[in-house]
Amino acid sequence: MLLPINNVLDKKTVEQFRTALDKTTWEDGKITAGGQAKQVKVNQQIQDQSDLAIELGNHILKVLGRHPQFLSAALPKKIFPPKFNRYNNADHYGPHVDNAIMHLPDHQIMRTDLSCTLFLSDPKEYDGGELVIETTYGAQQVKLAAGDLILYPSTSLHQVLKVTKGARVCSFFWLESMVRDNQQREMLYTLDQSIQTLTIERGADDNEVRHLTGIYHNLIRLWASS
Ligand SMILES: O=C(O)CCC(=O)C(=O)O
Ligand SMILES: [Fe+2]
(Lines of atoms letter the chains of each structure in order from A and count residues from 1; the text may use other names and numbers.)
(Lines give C-alpha, C1' and ligand atoms only; values in the text may rest on other atoms or scores of the structure.)
(Ligands and ions follow the chains in the order given, each with its own letter.)
Protein backbone atom coordinates (compact mmCIF):
# COMPACT_ATOMS: atom_id res chain seq x y z
CA MET A 1 0.00 0.00 0.00
CA LEU A 2 1.15 3.49 -0.88
CA LEU A 3 -0.40 5.77 1.69
CA PRO A 4 -0.28 9.57 1.41
CA ILE A 5 -0.73 11.36 4.74
CA ASN A 6 -1.65 15.01 4.26
CA ASN A 7 -0.62 18.01 6.36
CA VAL A 8 1.86 16.23 8.61
CA LEU A 9 3.53 19.65 8.88
CA ASP A 10 1.53 22.86 8.59
CA LYS A 11 2.55 25.55 6.09
CA LYS A 12 4.21 27.76 8.73
CA THR A 13 6.37 24.89 10.01
CA VAL A 14 7.36 23.93 6.44
CA GLU A 15 8.40 27.56 5.87
CA GLN A 16 10.53 27.54 9.05
CA PHE A 17 12.15 24.24 8.00
CA ARG A 18 12.90 25.62 4.54
CA THR A 19 14.40 28.86 5.83
CA ALA A 20 16.85 26.81 7.92
CA LEU A 21 17.51 24.18 5.22
CA ASP A 22 17.99 26.68 2.40
CA LYS A 23 20.92 28.32 4.21
CA THR A 24 22.66 25.23 5.57
CA THR A 25 25.55 23.26 4.06
CA TRP A 26 24.65 20.42 1.71
CA GLU A 27 26.94 17.56 0.79
CA ASP A 28 27.05 14.85 -1.86
CA GLY A 29 24.34 12.25 -1.18
CA LYS A 30 26.64 9.43 -2.34
CA ILE A 31 28.51 9.66 1.00
CA THR A 32 25.71 7.87 2.83
CA ALA A 33 24.68 5.35 0.15
CA GLY A 34 26.11 1.87 -0.19
CA GLY A 35 26.58 -0.63 -3.02
CA GLN A 36 24.13 -0.46 -5.90
CA ALA A 37 22.35 2.64 -4.55
CA LYS A 38 25.61 4.64 -4.54
CA GLN A 39 25.97 4.11 -8.29
CA VAL A 40 22.56 5.56 -9.11
CA LYS A 41 22.29 8.32 -6.48
CA VAL A 42 22.81 11.90 -7.62
CA ASN A 43 21.55 14.34 -5.00
CA GLN A 44 22.53 16.28 -1.91
CA GLN A 45 21.96 15.70 1.79
CA ILE A 46 22.67 17.47 5.04
CA GLN A 47 24.89 15.76 7.59
CA ASP A 48 22.84 13.24 9.60
CA GLN A 49 24.14 14.17 13.00
CA SER A 50 24.22 17.93 12.45
CA ASP A 51 22.36 20.09 15.00
CA LEU A 52 19.88 21.10 12.30
CA ALA A 53 19.11 17.52 11.21
CA ILE A 54 18.59 16.50 14.83
CA GLU A 55 16.37 19.50 15.64
CA LEU A 56 14.14 19.19 12.56
CA GLY A 57 14.13 15.39 12.74
CA ASN A 58 12.98 15.43 16.37
CA HIS A 59 10.19 17.80 15.45
CA ILE A 60 8.98 15.41 12.73
CA LEU A 61 9.16 12.44 15.12
CA LYS A 62 7.18 14.35 17.77
CA VAL A 63 4.43 15.19 15.26
CA LEU A 64 4.27 11.61 13.95
CA GLY A 65 4.24 10.18 17.47
CA ARG A 66 0.79 11.68 18.02
CA HIS A 67 -0.57 11.33 14.49
CA PRO A 68 -3.41 8.75 14.61
CA GLN A 69 -3.39 7.92 10.87
CA PHE A 70 0.39 7.46 10.74
CA LEU A 71 0.41 5.32 13.90
CA SER A 72 -2.49 3.20 12.63
CA ALA A 73 -0.87 2.60 9.24
CA ALA A 74 2.72 2.12 10.37
CA LEU A 75 2.45 0.56 13.84
CA PRO A 76 6.04 1.72 14.34
CA LYS A 77 8.53 -0.06 16.59
CA LYS A 78 11.67 1.86 15.60
CA ILE A 79 11.98 4.97 13.43
CA PHE A 80 15.24 6.02 11.81
CA PRO A 81 16.17 9.64 12.65
CA PRO A 82 14.82 11.65 9.67
CA LYS A 83 17.32 12.61 7.00
CA PHE A 84 17.09 15.53 4.55
CA ASN A 85 17.81 15.58 0.83
CA ARG A 86 17.70 18.05 -2.03
CA TYR A 87 17.57 17.52 -5.79
CA ASN A 88 18.39 20.34 -8.20
CA ASN A 89 20.51 20.82 -11.34
CA ALA A 90 19.29 17.55 -12.93
CA ASP A 91 19.76 15.54 -9.71
CA HIS A 92 17.93 12.22 -9.56
CA TYR A 93 18.04 8.87 -7.79
CA GLY A 94 17.88 5.84 -10.10
CA PRO A 95 15.92 2.66 -9.40
CA HIS A 96 16.92 0.92 -6.16
CA VAL A 97 15.60 -0.94 -3.13
CA ASP A 98 16.55 0.49 0.25
CA ASN A 99 18.87 -1.51 2.50
CA ALA A 100 17.00 -4.03 4.64
CA ILE A 101 19.05 -3.28 7.74
CA MET A 102 19.96 0.19 8.97
CA HIS A 103 22.32 1.14 11.77
CA LEU A 104 20.88 3.59 14.25
CA PRO A 105 23.07 6.28 15.86
CA ASP A 106 22.97 4.40 19.20
CA HIS A 107 24.54 1.34 17.44
CA GLN A 108 21.28 -0.60 17.50
CA ILE A 109 20.10 -2.01 14.21
CA MET A 110 16.64 -1.99 12.67
CA ARG A 111 14.86 -3.70 9.79
CA THR A 112 13.29 -1.37 7.24
CA ASP A 113 9.62 -2.29 6.68
CA LEU A 114 8.30 1.09 5.52
CA SER A 115 9.98 3.99 3.72
CA CYS A 116 8.75 7.57 4.10
CA THR A 117 9.26 10.78 2.14
CA LEU A 118 8.00 14.02 3.68
CA PHE A 119 7.79 16.71 1.00
CA LEU A 120 9.16 20.13 1.96
CA SER A 121 8.89 21.75 -1.50
CA ASP A 122 5.63 22.59 -3.16
CA PRO A 123 5.15 20.89 -6.58
CA LYS A 124 5.03 24.39 -8.16
CA GLU A 125 8.64 25.00 -7.05
CA TYR A 126 10.19 22.34 -9.30
CA ASP A 127 9.73 20.31 -12.48
CA GLY A 128 10.33 16.54 -12.50
CA GLY A 129 11.38 14.93 -9.22
CA GLU A 130 8.49 12.47 -9.07
CA LEU A 131 9.01 9.57 -6.67
CA VAL A 132 8.17 6.53 -8.81
CA ILE A 133 7.29 3.40 -6.85
CA GLU A 134 6.81 -0.01 -8.47
CA THR A 135 3.73 -1.80 -7.17
CA THR A 136 1.89 -4.97 -8.20
CA TYR A 137 -0.48 -2.64 -10.10
CA GLY A 138 2.34 -0.92 -12.01
CA ALA A 139 4.50 2.12 -11.35
CA GLN A 140 2.92 4.91 -9.29
CA GLN A 141 4.19 8.48 -9.51
CA VAL A 142 4.11 10.50 -6.32
CA LYS A 143 4.55 14.25 -5.99
CA LEU A 144 2.80 15.68 -2.95
CA ALA A 145 2.19 19.13 -1.49
CA ALA A 146 4.72 20.54 0.96
CA GLY A 147 3.97 19.13 4.41
CA ASP A 148 2.52 15.83 3.06
CA LEU A 149 4.13 12.44 3.54
CA ILE A 150 4.08 9.20 1.55
CA LEU A 151 4.45 5.85 3.27
CA TYR A 152 5.41 2.85 1.10
CA PRO A 153 6.75 -0.67 1.64
CA SER A 154 10.56 -0.75 1.79
CA THR A 155 10.42 -3.89 -0.34
CA SER A 156 9.48 -1.70 -3.34
CA LEU A 157 11.79 -0.75 -6.16
CA HIS A 158 11.65 3.04 -6.40
CA GLN A 159 13.39 6.03 -7.98
CA VAL A 160 13.29 9.81 -8.04
CA LEU A 161 13.10 11.26 -11.56
CA LYS A 162 15.43 14.02 -12.70
CA VAL A 163 14.62 17.49 -11.38
CA THR A 164 14.78 19.71 -14.47
CA LYS A 165 13.88 23.05 -12.83
CA GLY A 166 13.93 24.39 -9.27
CA ALA A 167 14.68 22.30 -6.19
CA ARG A 168 12.97 19.37 -4.49
CA VAL A 169 13.68 19.35 -0.74
CA CYS A 170 12.43 16.45 1.38
CA SER A 171 12.91 14.60 4.59
CA PHE A 172 13.12 10.83 4.25
CA PHE A 173 13.42 7.97 6.71
CA TRP A 174 12.51 4.37 7.41
CA LEU A 175 10.75 2.48 10.10
CA GLU A 176 10.53 -0.99 11.52
CA SER A 177 6.93 -1.92 12.17
CA MET A 178 5.60 -4.06 15.01
CA VAL A 179 3.82 -5.95 12.20
CA ARG A 180 6.40 -7.07 9.67
CA ASP A 181 4.04 -8.41 7.00
CA ASN A 182 2.68 -5.74 4.62
CA GLN A 183 -0.62 -7.54 4.05
CA GLN A 184 -1.33 -8.07 7.74
CA ARG A 185 -0.44 -4.44 8.50
CA GLU A 186 -2.70 -3.19 5.70
CA MET A 187 -5.64 -5.26 6.94
CA LEU A 188 -5.14 -3.90 10.46
CA TYR A 189 -5.11 -0.36 9.07
CA THR A 190 -8.35 -0.89 7.11
CA LEU A 191 -10.00 -2.53 10.12
CA ASP A 192 -8.91 0.28 12.46
CA GLN A 193 -10.10 3.01 10.08
CA SER A 194 -13.47 1.25 9.67
CA ILE A 195 -13.84 0.91 13.44
CA GLN A 196 -13.10 4.64 13.85
CA THR A 197 -15.84 5.52 11.31
CA LEU A 198 -18.31 3.07 12.87
CA THR A 199 -17.59 4.46 16.35
CA ILE A 200 -18.47 7.97 15.17
CA GLU A 201 -21.70 6.70 13.58
CA ARG A 202 -22.85 4.37 16.36
CA GLY A 203 -20.96 5.41 19.51
CA ALA A 204 -18.39 3.51 21.54
CA ASP A 205 -21.06 1.55 23.42
CA ASP A 206 -22.34 -0.21 20.29
CA ASN A 207 -22.16 -4.01 20.33
CA GLU A 208 -20.51 -4.42 16.90
CA VAL A 209 -18.02 -1.64 17.64
CA ARG A 210 -17.08 -3.51 20.83
CA HIS A 211 -16.62 -6.84 19.02
CA LEU A 212 -14.63 -5.40 16.13
CA THR A 213 -12.41 -3.44 18.53
CA GLY A 214 -11.74 -6.66 20.41
CA ILE A 215 -10.88 -8.45 17.17
CA TYR A 216 -8.49 -5.62 16.20
CA HIS A 217 -6.59 -5.91 19.47
CA ASN A 218 -6.54 -9.69 19.34
CA LEU A 219 -5.12 -9.63 15.79
CA ILE A 220 -2.42 -7.25 17.04
CA ARG A 221 -1.73 -9.79 19.80
CA LEU A 222 -1.31 -12.52 17.16
CA TRP A 223 0.74 -10.57 14.64
CA ALA A 224 2.73 -7.89 16.45
CA SER A 225 6.17 -8.29 17.95
CA SER A 226 7.24 -5.69 20.47
O1 LIG B 1 13.92 11.46 -2.13
C2 LIG B 1 13.09 10.57 -1.97
O3 LIG B 1 11.87 10.76 -2.04
C4 LIG B 1 13.54 9.15 -1.72
C5 LIG B 1 15.00 9.00 -1.44
C6 LIG B 1 15.40 7.59 -1.46
O7 LIG B 1 14.82 6.77 -2.11
C8 LIG B 1 16.53 7.15 -0.63
O9 LIG B 1 17.29 7.98 -0.11
O10 LIG B 1 16.70 5.93 -0.48
FE1 LIG C 1 15.31 4.81 -1.49
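Even glycines carry a Cβ here, placed using N, Cα and C.
Of the listed candidates (His158, His211, His217), TrEMBL assigns His158 to the same Fe cation site as His96, Asp98. In this structure, Asp98 (Fe cation binding site) belongs to neither helix nor strand by DSSP; it is coil. With respect to Cβ neighbours within 10 Å, the binding-site residues His96, His158, Arg168 differ, and His96 shows the lowest count. Of all the binding-site residues in the record (His96, Asp98, His158), the one with the smallest CA separation from Arg168 (2-oxoglutarate binding site) is His158. If you take every residue in the domain 'Fe2OG dioxygenase' (78-177) and average the pLDDT, you get 97.
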